[in-house]
(Lines of atoms letter the chains of each structure in order from A; the text may use other names.)
(Lines give C-alpha, C1' and ligand atoms only; values in the text may rest on other atoms or scores of the structure.)
Protein backbone atom coordinates (compact mmCIF):
# COMPACT_ATOMS: atom_id res chain seq x y z
CA UNK A 1 0.00 0.00 0.00
CA UNK A 2 1.40 3.37 -1.02
CA UNK A 3 1.64 6.18 1.50
CA UNK A 4 0.03 9.51 0.67
CA UNK A 5 2.72 12.19 0.73
CA UNK A 6 2.15 15.95 0.64
CA UNK A 7 5.12 17.79 -0.87
CA UNK A 8 5.22 21.41 0.32
CA UNK A 9 7.31 23.76 -1.82
CA UNK A 10 7.71 27.39 -2.87
CA UNK A 11 7.07 29.66 0.08
CA UNK A 12 7.16 33.37 0.90
CA UNK A 13 10.93 33.67 0.97
CA UNK A 14 13.78 34.99 -1.13
CA UNK A 15 14.72 31.31 -1.50
CA UNK A 16 11.42 30.51 -3.26
CA UNK A 17 13.06 29.59 -6.56
CA UNK A 18 15.63 27.35 -4.87
CA UNK A 19 12.77 25.51 -3.16
CA UNK A 20 11.12 24.76 -6.51
CA UNK A 21 14.32 23.20 -7.83
CA UNK A 22 14.83 21.20 -4.62
CA UNK A 23 11.24 19.96 -4.74
CA UNK A 24 11.75 18.55 -8.22
CA UNK A 25 14.70 16.47 -7.06
CA UNK A 26 12.88 15.30 -3.94
CA UNK A 27 9.84 14.28 -5.99
CA UNK A 28 12.00 12.25 -8.37
CA UNK A 29 13.67 10.54 -5.39
CA UNK A 30 10.35 9.34 -3.93
CA UNK A 31 9.72 5.78 -5.11
CA UNK A 32 6.38 5.80 -7.00
CA UNK A 33 5.76 2.21 -5.89
CA UNK A 34 5.84 3.34 -2.25
CA UNK A 35 4.51 6.89 -2.32
CA UNK A 36 1.65 8.76 -3.97
CA UNK A 37 2.92 12.34 -4.09
CA UNK A 38 0.65 15.39 -4.14
CA UNK A 39 2.45 18.75 -4.38
CA UNK A 40 1.18 21.80 -2.50
CA UNK A 41 2.56 25.06 -3.88
CA UNK A 42 2.97 28.09 -1.61
CA UNK A 43 2.67 31.36 -3.52
CA UNK A 44 5.62 33.73 -3.10
CA UNK A 45 3.53 36.90 -3.13
CA UNK A 46 0.37 35.96 -1.25
CA UNK A 47 1.45 32.96 0.81
CA UNK A 48 -1.60 31.04 -0.45
CA UNK A 49 -1.32 27.24 -0.40
CA UNK A 50 -2.63 25.74 -3.63
CA UNK A 51 -3.26 22.10 -4.45
CA UNK A 52 -1.38 20.81 -7.48
CA UNK A 53 -2.30 17.75 -9.54
CA UNK A 54 -0.79 14.46 -8.28
CA UNK A 55 2.61 13.75 -9.82
CA UNK A 56 3.30 11.05 -12.35
CA UNK A 57 6.49 8.99 -11.75
CA UNK A 58 9.56 11.10 -12.50
CA UNK A 59 7.55 14.31 -12.81
CA UNK A 60 8.65 17.52 -11.06
CA UNK A 61 6.13 19.85 -9.42
CA UNK A 62 5.45 23.26 -10.95
CA UNK A 63 4.27 26.44 -9.29
CA UNK A 64 0.57 27.13 -9.84
CA UNK A 65 -1.21 30.48 -9.51
CA UNK A 66 -4.73 29.14 -9.84
CA UNK A 67 -6.58 26.17 -8.43
CA UNK A 68 -8.01 25.20 -5.06
CA UNK A 69 -6.61 26.83 -1.96
CA UNK A 70 -5.88 24.39 0.85
CA UNK A 71 -4.97 24.33 4.52
CA UNK A 72 -4.25 21.48 6.90
CA UNK A 73 -7.09 21.20 9.41
CA UNK A 74 -6.17 21.48 13.11
CA UNK A 75 -6.79 18.07 14.61
CA UNK A 76 -7.53 16.73 11.15
CA UNK A 77 -4.98 13.93 11.20
CA UNK A 78 -3.47 15.06 7.90
CA UNK A 79 -6.66 16.18 6.17
CA UNK A 80 -6.82 19.29 4.02
CA UNK A 81 -9.63 21.80 3.82
CA UNK A 82 -9.99 22.35 0.07
CA UNK A 83 -11.54 25.61 -1.11
CA UNK A 84 -12.30 25.47 -4.82
CA UNK A 85 -15.61 25.90 -6.58
CA UNK A 86 -17.00 24.02 -3.60
CA UNK A 87 -15.55 23.31 -0.15
CA UNK A 88 -14.44 19.80 0.72
CA UNK A 89 -12.14 17.81 2.97
CA UNK A 90 -9.42 15.58 1.57
CA UNK A 91 -8.50 12.08 2.54
CA UNK A 92 -5.68 12.18 5.12
CA UNK A 93 -2.05 12.42 4.15
CA UNK A 94 0.30 10.01 5.89
CA UNK A 95 3.27 12.36 5.95
CA UNK A 96 4.32 15.82 4.80
CA UNK A 97 7.68 16.54 3.18
CA UNK A 98 8.42 20.27 3.53
CA UNK A 99 10.90 21.41 0.88
CA UNK A 100 10.93 25.02 2.04
CA UNK A 101 13.96 27.22 2.50
CA UNK A 102 14.17 30.36 4.60
CA UNK A 103 11.53 32.33 6.54
CA UNK A 104 7.92 31.18 6.56
CA UNK A 105 8.91 27.59 5.95
CA UNK A 106 12.17 26.62 7.62
CA UNK A 107 11.72 28.72 10.74
CA UNK A 108 9.15 26.73 12.71
CA UNK A 109 6.03 28.45 11.37
CA UNK A 110 4.97 25.67 9.01
CA UNK A 111 6.15 23.05 11.49
CA UNK A 112 3.80 24.49 14.12
CA UNK A 113 0.88 24.33 11.71
CA UNK A 114 1.67 20.70 10.92
CA UNK A 115 1.90 19.85 14.62
CA UNK A 116 -1.55 21.37 15.16
CA UNK A 117 -2.85 19.38 12.21
CA UNK A 118 -1.58 16.17 13.81
CA UNK A 119 0.30 15.01 10.72
CA UNK A 120 3.83 13.53 10.64
CA UNK A 121 6.41 15.60 8.77
CA UNK A 122 10.04 15.36 7.75
CA UNK A 123 12.63 17.44 9.57
CA UNK A 124 13.02 19.39 12.78
CA UNK A 125 10.14 20.53 14.95
CA UNK A 126 9.21 24.06 15.95
CA UNK A 127 12.05 24.65 18.41
CA UNK A 128 14.86 23.19 16.31
CA UNK A 129 13.66 24.91 13.16
CA UNK A 130 13.28 28.32 14.80
CA UNK A 131 16.56 28.12 16.71
CA UNK A 132 18.62 27.13 13.68
CA UNK A 133 16.95 29.71 11.42
CA UNK A 134 17.97 32.66 13.59
CA UNK A 135 21.76 32.74 13.30
CA UNK A 136 22.13 34.85 16.43
CA UNK A 137 20.03 32.49 18.57
CA UNK A 138 21.79 29.47 17.05
CA UNK A 139 25.23 30.87 17.84
CA UNK A 140 24.24 31.63 21.43
CA UNK A 141 22.96 28.08 21.96
CA UNK A 142 26.04 26.56 20.35
CA UNK A 143 28.35 28.78 22.38
CA UNK A 144 26.53 27.77 25.58
CA UNK A 145 27.03 24.13 24.55
CA UNK A 146 30.79 24.73 24.36
CA UNK A 147 30.99 24.76 20.58
CA UNK A 148 33.46 27.12 18.89
CA UNK A 149 31.89 29.95 16.87
CA UNK A 150 33.24 32.95 14.96
CA UNK A 151 33.02 36.16 17.03
CA UNK A 152 30.16 38.41 15.92
CA UNK A 153 27.99 41.43 16.70
CA UNK A 154 24.28 42.00 16.15
CA UNK A 155 22.78 45.12 14.56
CA UNK A 156 19.09 45.97 14.47
CA UNK A 157 16.51 48.75 14.77
CA UNK A 158 17.51 49.42 18.39
CA UNK A 159 21.21 48.66 18.03
CA UNK A 160 23.26 50.45 15.40
CA UNK A 161 26.85 49.36 14.76
CA UNK A 162 29.50 51.51 13.05
CA UNK A 163 32.33 50.01 11.02
CA UNK A 164 34.99 51.32 13.44
CA UNK A 165 33.14 49.76 16.38
CA UNK A 166 32.89 46.41 14.60
CA UNK A 167 36.56 46.45 13.61
CA UNK A 168 37.64 47.16 17.18
CA UNK A 169 35.31 44.60 18.76
CA UNK A 170 36.01 41.80 16.27
CA UNK A 171 39.71 42.60 15.71
CA UNK A 172 39.43 42.43 11.95
CA UNK A 173 38.98 44.95 9.15
CA UNK A 174 37.47 42.28 6.94
CA UNK A 175 33.94 41.40 8.02
CA UNK A 176 30.89 39.51 6.82
CA UNK A 177 27.48 41.18 7.05
CA UNK A 178 24.45 38.91 6.78
CA UNK A 179 20.73 38.77 7.61
CA UNK A 180 20.11 36.69 10.73
CA UNK A 181 17.12 34.85 9.25
CA UNK A 182 17.99 33.96 5.69
CA UNK A 183 19.79 31.17 3.85
CA UNK A 184 21.40 30.44 0.49
CA UNK A 185 23.77 33.37 1.21
CA UNK A 186 20.96 35.80 0.32
CA UNK A 187 21.88 39.30 1.49
CA UNK A 188 25.43 38.34 2.53
CA UNK A 189 28.35 40.71 1.83
CA UNK A 190 32.06 40.70 2.53
CA UNK A 191 33.40 44.15 3.42
CA UNK A 192 36.78 45.74 4.09
CA UNK A 193 36.04 49.46 4.55
CA UNK A 194 33.40 51.78 5.98
CA UNK A 195 31.73 52.50 2.64
CA UNK A 196 31.30 48.83 1.85
CA UNK A 197 30.08 48.22 5.39
CA UNK A 198 27.29 50.80 5.16
CA UNK A 199 26.17 49.44 1.78
CA UNK A 200 26.22 45.88 3.13
CA UNK A 201 24.07 46.85 6.10
CA UNK A 202 21.50 48.47 3.83
CA UNK A 203 21.51 45.38 1.61
CA UNK A 204 21.09 42.99 4.54
CA UNK A 205 18.34 45.10 6.13
CA UNK A 206 16.32 44.60 2.95
CA UNK A 207 15.88 40.97 4.06
CA UNK A 208 15.74 41.10 7.86
CA UNK A 209 15.66 43.51 10.77
CA UNK A 210 18.34 41.59 12.66
CA UNK A 211 21.82 41.59 11.11
CA UNK A 212 24.95 39.63 12.02
CA UNK A 213 28.40 41.16 11.64
CA UNK A 214 31.06 38.46 11.78
CA UNK A 215 34.82 38.48 11.84
CA UNK A 216 36.23 37.02 8.63
CA UNK A 217 38.43 33.95 8.94
CA UNK A 218 41.20 34.53 6.35
CA UNK A 219 41.58 31.73 3.81
CA UNK A 220 39.02 29.65 5.71
CA UNK A 221 38.07 26.29 4.27
CA UNK A 222 34.32 25.61 4.35
CA UNK A 223 33.71 22.04 5.47
CA UNK A 224 30.20 20.61 5.49
CA UNK A 225 28.62 17.52 7.03
CA UNK A 226 25.23 15.95 6.39
CA UNK A 227 23.47 14.78 9.55
CA UNK A 228 20.71 12.16 9.47
CA UNK A 229 18.66 10.92 12.41
CA UNK A 230 17.32 7.40 12.01
CA UNK A 231 13.85 6.22 12.98
CA UNK A 232 15.41 4.79 16.16
CA UNK A 233 16.96 8.15 17.09
CA UNK A 234 20.56 7.41 16.12
CA UNK A 235 22.38 10.49 14.81
CA UNK A 236 24.54 9.64 11.81
CA UNK A 237 27.11 11.98 10.28
CA UNK A 238 28.35 11.76 6.70
CA UNK A 239 31.96 12.02 5.57
CA UNK A 240 33.04 15.66 5.13
CA UNK A 241 32.63 17.69 1.98
CA UNK A 242 34.32 20.95 1.08
CA UNK A 243 33.12 24.01 -0.81
CA UNK A 244 35.93 25.66 -2.79
CA UNK A 245 34.61 28.95 -4.25
CA UNK A 246 36.09 30.20 -7.51
CA UNK A 247 38.61 33.01 -7.06
CA UNK A 248 36.32 35.38 -8.95
CA UNK A 249 33.72 35.15 -6.19
CA UNK A 250 35.89 35.32 -3.08
CA UNK A 251 33.30 33.54 -0.95
CA UNK A 252 30.41 31.13 -1.46
CA UNK A 253 27.66 33.66 -2.11
CA UNK A 254 24.32 33.33 -3.88
CA UNK A 255 25.78 33.88 -7.36
CA UNK A 256 28.50 31.30 -6.78
CA UNK A 257 25.86 28.81 -5.60
CA UNK A 258 23.07 29.25 -8.12
CA UNK A 259 24.01 31.62 -10.96
CA UNK A 260 27.57 30.84 -12.04
CA UNK A 261 27.90 27.15 -13.06
CA UNK A 262 31.62 27.41 -12.31
CA UNK A 263 31.16 29.38 -9.10
CA UNK A 264 32.56 26.70 -6.81
CA UNK A 265 33.92 23.19 -6.70
CA UNK A 266 32.34 20.59 -4.41
CA UNK A 267 35.03 18.29 -3.06
CA UNK A 268 33.69 14.97 -1.74
CA UNK A 269 35.24 13.76 0.44
CA UNK A 270 37.12 16.77 1.74
CA UNK A 271 40.86 16.29 2.04
CA UNK A 272 41.25 16.10 5.81
CA UNK A 273 43.37 13.99 8.11
CA UNK A 274 41.18 11.20 9.56
CA UNK A 275 41.48 12.51 13.12
CA UNK A 276 40.52 16.03 12.04
CA UNK A 277 37.56 14.77 10.01
CA UNK A 278 36.35 12.77 13.01
CA UNK A 279 36.72 15.76 15.31
CA UNK A 280 34.81 18.06 12.97
CA UNK A 281 32.11 15.45 12.43
CA UNK A 282 31.70 15.23 16.19
CA UNK A 283 31.20 18.99 16.36
CA UNK A 284 28.53 18.70 13.65
CA UNK A 285 26.65 16.10 15.70
CA UNK A 286 26.92 18.23 18.83
CA UNK A 287 25.58 21.28 16.98
CA UNK A 288 22.63 19.21 15.70
CA UNK A 289 21.80 18.20 19.25
CA UNK A 290 22.46 21.63 20.81
CA UNK A 291 19.80 23.20 18.56
CA UNK A 292 17.27 20.39 19.18
CA UNK A 293 17.29 19.43 15.50
CA UNK A 294 15.59 16.29 14.24
CA UNK A 295 15.59 14.21 11.10
CA UNK A 296 18.15 16.00 8.99
CA UNK A 297 20.47 18.98 8.86
CA UNK A 298 23.54 20.19 7.06
CA UNK A 299 26.17 21.59 9.41
CA UNK A 300 28.72 24.05 8.00
CA UNK A 301 32.07 24.63 9.67
CA UNK A 302 35.09 26.84 8.98
CA UNK A 303 38.64 25.53 9.18
CA UNK A 304 41.46 28.04 9.58
CA UNK A 305 44.45 26.55 7.71
CA UNK A 306 46.85 28.72 9.74
CA UNK A 307 45.60 27.65 13.17
CA UNK A 308 45.45 24.01 14.34
CA UNK A 309 42.70 25.03 16.79
CA UNK A 310 40.89 27.20 14.27
CA UNK A 311 37.66 25.22 13.85
CA UNK A 312 34.36 27.09 14.01
CA UNK A 313 30.77 25.92 13.62
CA UNK A 314 29.24 28.41 11.20
CA UNK A 315 25.58 27.43 10.88
CA UNK A 316 23.06 24.60 10.88
CA UNK A 317 20.56 24.28 8.02
CA UNK A 318 17.53 22.20 9.01
CA UNK A 319 16.02 21.95 5.50
CA UNK A 320 19.10 21.88 3.27
CA UNK A 321 18.85 22.24 -0.47
CA UNK A 322 18.24 19.27 -2.72
CA UNK A 323 19.33 20.94 -5.95
CA UNK A 324 21.76 19.33 -8.38
CA UNK A 325 24.67 21.10 -6.66
CA UNK A 326 23.46 20.75 -3.06
CA UNK A 327 25.91 19.17 -0.66
CA UNK A 328 23.44 17.31 1.59
CA UNK A 329 22.20 14.67 -0.88
CA UNK A 330 25.61 14.50 -2.54
CA UNK A 331 27.35 13.65 0.73
CA UNK A 332 24.94 10.82 1.51
CA UNK A 333 25.06 9.56 -2.05
CA UNK A 334 28.85 9.38 -1.83
CA UNK A 335 28.47 7.48 1.45
CA UNK A 336 26.30 4.86 -0.27
CA UNK A 337 22.86 6.22 0.59
CA UNK A 338 21.23 7.10 -2.73
CA UNK A 339 18.45 9.74 -2.83
CA UNK A 340 15.55 7.22 -2.85
CA UNK A 341 16.96 5.44 0.21
CA UNK A 342 17.64 8.80 1.86
CA UNK A 343 14.01 9.84 1.40
CA UNK A 344 12.86 6.48 2.77
CA UNK A 345 14.97 7.09 5.88
CA UNK A 346 13.66 10.63 6.36
CA UNK A 347 10.04 9.54 6.05
CA UNK A 348 10.63 6.59 8.39
CA UNK A 349 12.03 9.02 10.98
CA UNK A 350 9.02 11.33 10.59
CA UNK A 351 6.57 8.48 11.13
CA UNK A 352 8.49 7.07 14.10
CA UNK A 353 8.78 10.47 15.78
CA UNK A 354 5.05 11.07 15.37
CA UNK A 355 4.31 7.62 16.80
CA UNK A 356 6.40 8.48 19.86
CA UNK A 357 4.48 11.74 20.23
CA UNK A 358 1.20 9.81 20.14
CA UNK A 359 2.49 7.30 22.68
CA UNK A 360 3.39 10.07 25.12
CA UNK A 361 0.17 12.03 24.61
CA UNK A 362 1.82 14.92 22.77
CA UNK A 363 -0.15 14.13 19.61
CA UNK A 364 -3.56 12.61 19.00
CA UNK A 365 -3.79 9.24 17.24
CA UNK A 366 -5.08 9.17 13.67
CA UNK A 367 -8.07 7.12 14.88
CA UNK A 368 -9.29 10.08 16.94
CA UNK A 369 -9.17 12.36 13.92
CA UNK A 370 -10.86 9.71 11.76
CA UNK A 371 -13.76 9.48 14.20
CA UNK A 372 -14.11 13.25 14.42
CA UNK A 373 -14.16 13.69 10.66
CA UNK A 374 -16.26 10.65 9.79
CA UNK A 375 -19.38 12.75 9.12
CA UNK A 376 -17.53 14.71 6.44
CA UNK A 377 -17.05 12.06 3.79
CA UNK A 378 -16.86 14.35 0.81
CA UNK A 379 -13.29 14.43 -0.41
CA UNK A 380 -11.30 15.56 -3.37
CA UNK A 381 -10.26 13.07 -6.00
CA UNK A 382 -6.57 12.40 -5.68
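Placement of Cβ uses the backbone N, Cα and C atoms for every residue, glycine included.
In the three-state DSSP assignment, the secondary structure recorded for residue 210 (ATP binding site) is coil. Cβ environment of residue 210 (ATP binding site): 134, 136, 154, 155, 156, 179, 180, 181 lie under 8 Å away, each six or more residues apart in the same chain. Residues annotated as ATP binding site in Swiss-Prot: 168-223.
Look at residue 300 (Mg(2+) 1 binding site): DSSP puts it in a strand. In this view, residue 300 (Mg(2+) 1 binding site) is surrounded by 20 other Cβ atoms within 10 Å of its Cβ, with every protein chain counted. Here Swiss-Prot flags 300, 315 as Mg(2+) 1 binding site, drawing on sequence analysis.
Residues or ranges marked as Mg(2+) 2 binding site by Swiss-Prot on the basis of sequence analysis: 315, 317. Of all Cβ atoms in the protein chains displayed, 23 besides its own lie within 10 Å of the Cβ of residue 317 (Mg(2+) 2 binding site).
Model confidence over the domain 'ATP-grasp' (139-348) is summarised by a mean pLDDT of 92. The feature domain 'ATP-grasp' is assigned by Swiss-Prot to 139-348.
For the binding-site residues listed here (189, 196), the lowest count of other CB atoms within 10 A around the CB belongs to 196.
The number of other CB atoms found within 10 A of the CB of residue 217 (ATP binding site), across every protein chain shown, is 21. Between the C-alpha atoms of residue 203 (ATP binding site) and residue 315 (Mg(2+) 1 binding site), the distance comes to 21 Å. Closest to residue 317 (Mg(2+) 2 binding site) by Cα-Cα distance, out of the binding-site residues 168, 175, 189, 196, is 189. Within 10 Å of the Cβ of residue 175 (ATP binding site) there are 24 other Cβ atoms, across all protein chains.
For the pair formed by residue 315 (Mg(2+) 1 binding site) and residue 189 (ATP binding site), distance between Cα atoms is given as 16 Å, rounded to the nearest Å.
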